[in-house]
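Asker: Structure incoming, see below.
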Amino acid sequence: MGRQDQQLQVLNALDAAKTQWYHFTAIIVAGMGFFTDAYDLFCISLVTKLLGRIYYTDPASPTPGSLPPNIAAAVNGVALCGTLSGQLFFGWLGDKLGRKSVYGMTLLLMVICSIASGLSFSHTPTSVMATLCFFRFWLGFGIGGDYPLSATIMSEYANKKTRGAFIAAVFAMQGFGILAGGVVTLAMSAGFQAAFPAPAYEVNAAASTVPQADYVWRIILMLGALPAILTYYWRMKMPETARYTALVAKDAKQASSDMAKVLQVEIEVEEEKLQDITRGRDYGLFSARFAKRHGAHLLGTAATWFLVDVAYYSQNLFQKDIFTSIHWIPKARTMSELEEVFRISRAQTLIALCGTVPGYWFTVFLIDIIGRFKIQLLGFAGMTAFMLGLAIPYHHWTMPGNQVIFVFLYGFTFFFANFGPNATTFIVPAEIFPARLRSTCHGISAASGKAGAIIGAFGFLYAAQPQDKAHVDAGYKPGIGVRNALFVLAGCNLVGFLMTWMLVPESKGKSLEEMSGEADDEEASANGGATAVNSSGVEMV
């Protein structure tokens, strides 16, 4: 008996379904969560210099105030720590309680904490930063839950022909979130600058920071709640995925009923077949059986996500420092605080528009043609090449007149991150693990990525400091410099290329059950327990 005959009719119907309105609804509902995620995670990098000027400026100093090293590290990294925790917790919970049951929790947490972040008030600068960090941790916790849940829901709703494009489209909303963060910050800083003009710091230190600037960062952070609020109702209206209802909750009747409404077709209820194909699927995440079947793949998805995020987040969170080091953004003392915010956001918006967003959508359009494996290899190779192109002649790029080419090449590192491993590391873990462990394994892979992001955020902050003590920012020790930091990031990308080559399977055009080995379980069950080999080459016993 063939695999398709052994598969539940409801799952066959999903795999073979033509692209319909419910696919686009799912993309928008899940994608707006990622829009919010990216906006909230990356907009903080646009306002950290403003926070330093508002709360840590000494008018007697020749340079504007900046966040002390420990506070800068906390403000930039605390949301990532929360995200890591949320990915593990909600990934596990999504397999225990169901995808839909916990999907609303993450969005509510994001809404509440986005608003609360902007309401961080206290009597001292340190207390304001502590309150901000507290709410940004829990904001990150909610954001973390969106990773495994959105990826798993989209993979389980999609047909196998265009599944990669659908999951990639959800993730691509992250690019629009990054772009929106830049545009909102541009608009806010320009508007406040026009309403409350101020001189450059070197002209009048005290007057260069207007009191109204304190509203700017608060409004920017709170606006992150808006897209989440707009999609909450539709997120709650989505039915549970048929794969969870059938293969994990083992309720064939409910799965058939839900998907009959979604697909608008009659679907047979197959209680006996469900009992047959789910029999014996009780091995756990930490069992020898899981390690034999999926251990190498979990190592591959976790390791490659870790490596790409070391580079991607350090680049994203510290673009402002790189642009300052090559003199594309003027020295802080030559600007007022709102002009500095405007210039930083303009630079990051340009990078997002020209490199980040196009990369995501190249992945959407090509992933089901080229495949995940090749795109991930291409992306790691491109990031390695362009980072070496920036690092080797780095001193040349700091010379007047060369900054435009530097920014152009720098934009290509973002293009190949997003037309590459930043997107595919999100997609693959949602396709290759069993339904009852899919959300958990995606959460583990994503949390590994955030561990890399934390290393990138905290490590780059210190490592990129100049080697010359005379040019080190106040409160920091000499580091290895931006040039050597770029060499380190290029090395991470090269290792990611090798790990992809050895450990990451191709899932293009295959059903989730084929990739996870569940189809082979069904076939083995029908054949009286015979051994089979799954489509990715792992022996099934």
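Each residue, glycine too, has its Cβ placed from N, Cα and C.
From Swiss-Prot, for reference:
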COMPBIAS  515-524  compositional bias 'Acidic residues'
COMPBIAS  532-541  compositional bias 'Polar residues'
REGION    512-541  region 'Disordered'
TOPO_DOM  1-26  topological domain 'Cytoplasmic'
TOPO_DOM  48-70  topological domain 'Extracellular'
TOPO_DOM  92-100  topological domain 'Cytoplasmic'
TOPO_DOM  146-163  topological domain 'Cytoplasmic'
TOPO_DOM  185-213  topological domain 'Extracellular'
TOPO_DOM  235-297  topological domain 'Cytoplasmic'
TOPO_DOM  319-349  topological domain 'Extracellular'
TOPO_DOM  371-374  topological domain 'Cytoplasmic'
TOPO_DOM  396-403  topological domain 'Extracellular'
TOPO_DOM  425-443  topological domain 'Cytoplasmic'
TOPO_DOM  465-484  topological domain 'Extracellular'
TOPO_DOM  506-541  topological domain 'Cytoplasmic'
TRANSMEM  27-47  transmembrane segment
TRANSMEM  71-91  transmembrane segment
TRANSMEM  101-121  transmembrane segment
TRANSMEM  125-145  transmembrane segment
TRANSMEM  164-184  transmembrane segment
TRANSMEM  214-234  transmembrane segment
TRANSMEM  298-318  transmembrane segment
TRANSMEM  350-370  transmembrane segment
TRANSMEM  375-395  transmembrane segment
TRANSMEM  404-424  transmembrane segment
TRANSMEM  444-464  transmembrane segment
TRANSMEM  485-505  transmembrane segment
Asker: For the transmembrane segment (298-318), which partner among 71-91, 101-121, 125-145, 350-370, 375-395 gives the most CB pairs under 8 Å?
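Answerer: Maximum Cβ contact count belongs to 375-395.
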Asker: With DSSP, how much of the topological domain 'Cytoplasmic' (425-443) is helix, how much strand and how much coil, in residues?
Answerer: 15 helix, 0 strand, 4 coil
Asker: Looking at the stretches 164-184, 214-234, 375-395, 444-464, 485-505, which one shares the most CB pairs under 8 Å with the transmembrane segment (101-121)?
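Answerer: Ranked by Cβ pairs under 8 Å, first place goes to 214-234.
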Asker: Near the topological domain 'Cytoplasmic' (371-374), which residues from the same chain, at least 6 beyond its ends, have a CB less than 8 A from one of its CBs?
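Answerer: Here the qualifying positions are 164, 424, 427-428, 500, 504-508.
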Asker: Which range wins on Cβ pairs under 8 Å with the transmembrane segment (404-424): 27-47, 71-91, 164-184, 214-234, 375-395?
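Answerer: Answer, by Cβ pair count: 375-395.
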Asker: When you look at the transmembrane segment (27-47) alongside the transmembrane segment (214-234), do they share 3+ Cβ pairs under 8 Å, ignoring any pair fewer than 6 residues apart in sequence?
Answerer: yes
Asker: Would you say the transmembrane segment (485-505) and the transmembrane segment (71-91) are touching, if the rule is that at least three C-beta pairs must lie under 8 angstroms and be 6 or more residues apart?
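Answerer: Contact between the transmembrane segment (485-505) and the transmembrane segment (71-91): absent, because fewer than 3 Cβ pairs are under 8 Å.
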Asker: Can you give the mean pLDDT for the topological domain 'Extracellular' (185-213), rounded to a whole number?
Answerer: 93
